[in-house]
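What Swiss-Prot records for this protein:
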type    : residues             : note
BINDING : ASP77, ASP79, ASP81  : Mg(2+) binding site
BINDING : CYS78, CYS94, CYS101 : Zn(2+) binding site
Amino acid sequence: MAFDPASLTYDARGLVPAIAQDHATGEVLMMAWMNAEAVARTLETGRVTYWSRSRQSFWVKGETSGHIQRLVELRIDCDRDCLLLLIEQVGPACHTHRRSCFYTAVREGAEQVFLDPMG
């Protein structure tokens, strides 16, 4: 059965959350938003394209930084309202130059940063 991005369940803004995960290690790298066109562009090019809510424009991950995300596999959750992008990440995924955007943990009631920026 052919996949149609319109078959996903989008929110009122026409967006669906997309979680980027390293395909080899399983590490969760980031979460961003996609609309139907971003999903289609990602599938067509193999380069992950998100929708920037602040800029109201497409955002090809790594287009300016060189820290690209290559799509290995796109997975859809059971409600069709969230995507899991299995990717190959080149360089850091986070704009803070960390491998993952999830670099702060709450441990024993206190926030603790456990990932340093990549050199």
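Backbone N, Cα and C define each Cβ position, glycine as well.
Not measured: the values here are computed from a predicted model.
Taking the features listed in Swiss-Prot, we show where each one sits on the structure.
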residue : record              : CB count, 10 Å
ASP77   : Mg(2+) binding site : 14
CYS78   : Zn(2+) binding site : 6
ASP79   : Mg(2+) binding site : 8
ASP81   : Mg(2+) binding site : 13
CYS94   : Zn(2+) binding site : 17
CYS101  : Zn(2+) binding site : 18
Could you give the Cα-Cα distance between CYS94 (Zn(2+) binding site) and ASP79 (Mg(2+) binding site), in whole Å?
27
Can you tell me the CA-to-CA distance separating CYS101 (Zn(2+) binding site) and ASP77 (Mg(2+) binding site), as a whole number of Å?
21
